[in-house]
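Here the structure is laid out as structure tokens; the discussion comes afterwards.
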Amino acid sequence: MAIEGADIIKAAGLLGAGLSMGLGAIGPGVGEGMAAAKACEAIGRNPKEAGLLTRTMLVGQAVSESTGIYSLVIALLLLFVV
Amino acid sequence: MNDITMWAEVAAFVGGGLAMGFGAIGAAVGEGYAAASANAAISRNPEVSGEVFKTMLVGQAVAESAAIFALVVAMLLVFANVGENASWMTVTVFLSSGLCMGLGAIGSGVGSGFPAGAACEGTARQPAMGGRLVTNMLIGSAVCQTPAIFALVVSFILMFTNFSDRPVNPTWAAILGAGLASGLGAIGSGLGGGLVAQASCEGVARKPEAAGTLTNVMLLGQAVTQTTAIYGMLVSFILMFKAFDPAGTTLAPAMALLSAGICMGIGAIGPGVGEGFAAQSAVGWIARNENATAELTRTMLVGQAVAESTGIYALVVALVLIFVV
């Protein structure tokens with residue numbers, strides 16, 4: 001009936017994976033949305049530069065995506081490696 | 001009364017309390033925002049105070065609906081009939097359905113307040129557009145309510161499904177995970193959808209000629225903000241209806257299912273809010289510069305697609321937790 005140590009460790013790893021990806025998704029989601037909001041504002045002021053602004057937005061979003069990818073990597077490590 | 005029946009009663013009361021307690025937050029904040037905006041609007045243009053007052057009440061009524069869903073679920077839980085054949089799954093069903101509805105009402109309540117406030121200020125600014133503003137507000141806040149409706153559906157399914165033929169061990173965690181996925185997952189989409197509708201109502205008052213475009217782009221932007229709440233509901237449905245193998249006394253299979261629900265639920269918040277910011281700005285600037293509608297809509301969709309990515313990662317991790325691990 002007793003729960004074994006290895007089972008608790010495995011369970012903690014699985015819970016950690018979910019928490020890592022879940023919490024890690026908040027920041028990039030909000031941050032990338034703000035970047036897109038400012039890009040829209042800038043295009044509204046100056047539609048001629050739409051191409052340049054969209055490119056800058058995408059580069060900025062790619063950088064802010066990185067923490068989401070770190071969370072994904074940690075989640076996958078917890079699921080499959082550790 | 002045996003031990004489990006007692007705990008099921010406890011869970012029903014705690015679940016009812018959680019449903020109404022969490023569920024009251026959003027609607028109250030949203031309605032307060034609407035009332036504040038209505039006062040600001042009346043002080044700016046006291047002649048249309050009657051119109052503004054009416055708009056405020058209609059908007060608040062929509063925001064209230066999320067809290068009414070929570071009240072219904074809380075009533076059902078408080079007066080739940082706990083039979084003698086209660087099991088540990090009954091305990092988690094009560095907790096999970098209460099949490100699901102309570103958390104799920106937060107975003108929609110706050111979100112529906114934003115368009116109501118903007119419609120009040122818009123009525124003061126452009127009294128002639130009052131009717132169009134109310135229509136736009138109602139469309140926008142109806143979309144804000146959908147995440148709360150998803151949560152309501154999931155908590156009803158949890159309450160009225162007979163789980164007694166399932167193995168207790170991983171199913172208790174699947175039930176809890178299902179409630180958290182839809183409940184937490186509704187927060188971001190409700191808020192985000194509200195921001196878009198707010199910008200659209202402001203825009204209609206700023207530029208009445210562009211009202212049609214503003215409503216259309218609002219709906220497009222809101223549709224994208226709702227996607228993460230739909231992922232949450234999808235994960236809930238999988239957790240509720242997939243048959244899991246009995247896990248004996250091991251903890252890990254149950255924790256994988258609980259973790260999948262938490263992962264998708266929390267992971268849906270950020271993208272929902274972020275996509276709301278993007279669409280809010282796009283709709284707001286279409287009202288200022290209608291000639292750039294095409295560029296703005298395109299950039300909005302591209303930006304939202306990138307913001308969606310972390311929500312998709314969360315969905316992938318949740319599905320891996322359910323089906324692979």
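Yeah, the Cβs are placed from backbone N, Cα and C, and that goes for glycine too.
Just so you know, TrEMBL annotations never went through curation; they're auto-generated.
The domain 'V-ATPase proteolipid subunit C-like' annotation in TrEMBL covers B:15-77 (among others). Mean pLDDT for the domain 'V-ATPase proteolipid subunit C-like' (B:15-77) in the predicted structure: 96.
Residues 12-13, 15-17, 19-20, 22-24, 26-28, 30-31, 34-35, 37-38, 94, 97-98, 101-102, 104-105, 108-109, 112-113, 115-117, 119-120, 134, 137-138, 141-142, 144-145, 148-149, 151-152, 155-156, 159, 190 of the same chain lie 6 or more positions beyond the ends of the transmembrane segment (B:56-79) yet place their CB under 8 Å from a CB of it. As annotated by TrEMBL, transmembrane segment applies to B:56-79 (among others).
For B:Glu64 (among others), the entry in TrEMBL reads site 'Reversibly protonated during proton transport'. Within 10 Å of the C-beta of B:Glu64 (site 'Reversibly protonated during proton transport') there are 17 other C-beta atoms, taking all protein chains into account.
Here TrEMBL flags B:96-158 (among others) as domain 'V-ATPase proteolipid subunit C-like'.
Residues or ranges marked as transmembrane segment by TrEMBL: B:137-160 (among others).
Feature annotation from TrEMBL assigns transmembrane segment to B:172-197 (among others).
Residues or ranges marked as domain 'V-ATPase proteolipid subunit C-like' by TrEMBL: B:176-239 (among others).
Annotation comment: TrEMBL describes B:217-239 (among others) as transmembrane segment.
For the transmembrane segment (B:251-270), same-chain residues at least 6 beyond its ends with a Cβ under 8 Å from one of its own Cβ atoms are 103, 169-170, 172-174, 176-189, 228-229, 231-232, 235-236, 239, 244-245, 307, 310-311, 313-315, 317-319, 321-322, 325. Here TrEMBL flags B:251-270 (among others) as transmembrane segment.
According to TrEMBL, the feature domain 'V-ATPase proteolipid subunit C-like' maps to B:258-321 (among others).
For B:305-324 (among others), the entry in TrEMBL reads transmembrane segment.
Counting Cβ atoms from all protein chains shown, B:Glu308 (site 'Reversibly protonated during proton transport') has 23 others lying within 10 Å of its own Cβ. Per TrEMBL, the feature site 'Reversibly protonated during proton transport' maps to B:Glu308 (among others).
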Seminar exercise, completed: Residue counts for the domain 'V-ATPase proteolipid subunit C-like' (B:258-321) under DSSP, helix then strand then coil, are 62 helix, 0 strand, 2 coil
Seminar exercise, completed: CA pair B:Glu308 (site 'Reversibly protonated during proton transport') / B:Glu64 (site 'Reversibly protonated during proton transport'), Å rounded to integer, equals 29
Exercise. What counts of helix, strand and coil residues does DSSP assign across the domain 'V-ATPase proteolipid subunit C-like' (B:176-239)?
Worked result: 63 helix, 0 strand, 1 coil
